[in-house]
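These notes are about the structure you will find just below.
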Amino acid sequence: MIVVKTGGRVLKQNLDRVVQSIIKTNNKIIYVHGGGDQVTELSSKLGIEPKFVTSPEGIRSRYTTKEELEVFIMVMSSISRNILSRVSSYRNSIALTGADGKLVLAERKKKIIVIDERGRKRIIDGGYTGKIKNINKELLVTFSNLFEVIILSPLAYDPDESTLLNVDGDQMAFALATALRSDNLILLTDVEGVMVDNKVVNKLTVEEAKELSKKIGPGMNRKILMAAEAIENGVKKVIISSGLVEDPIKNALEGKGTVIE
């Protein structure tokens, strides 16, 4: 069982090849997709102004209001069903959210610290974004025994507030891979791997990943920090690779990109 995650940007640019790659691989797959760009597009069409916030660490992320959560749910459902319809003729597949069967439980972020337009720290309401707290491993194993491909949208359930929450797709992929102690966790991105001085870093140990995370930009630094933590918690290998090539999953499994182990 491998876990594969692609962001919305990769899906916009290379959806057909990603789908074919899922079909062609011999591995059972848990496939987590993003779709942030698509959410922004639909929100704008509906007259809902997308809102983004910047953390003190310099990470820019979506701020999910109640209105935009509804858009997020619509877009994620559309993406997952589109992929399901293409894959199902070839592989036994199912499309889920993390909320289905309480597969992924999360806690709503009550307050978050952001940097405002004047560069000052502010504390604001957390909106409808969540932090993953628990994976129902027993249910996940049951699904993986029944289906070759599990397509998962990054939505989780908050049992305390009885609501769906937008969760970070990378965080969901890492949580799932860690729960299953997966052999491979593949992050398909719009770059070839971890870049240093315009060159791909081919291999990183856990310690090297932690050290490098201090020197590269926000976004990728979070990926390699989470990768290091996943390896320490039982995942055998994390591969950060391009999702824009002919056969992205095969390409990653062949070691193209950055391998952390």
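Cβ coordinates are placed from backbone N, Cα and C, and glycine is handled just like the others.
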According to Swiss-Prot, Gly35, Gly36, Asn166 bind substrate; which one of Arg62, Arg81, Arg122 is listed for that same site?
Arg62
Measuring Cα to Cα, how many angstrom lie between Asn166 (substrate binding site) and Lys223 (site 'Transition state stabilizer')?
18
Other than Gly35, Gly36, Arg62, Asn166, which residues of the chain come within 8 Å of the substrate site, judged by Cβ distance to the Cβ centroid of those residues?
Gly8, Gly34, Val39, Thr40, Thr64, Phe72, Val75, Pro154, Gly169
Which has the fewest other Cβ atoms within 10 Å: Gly35, Gly36, the binding-site residues listed?
Gly36
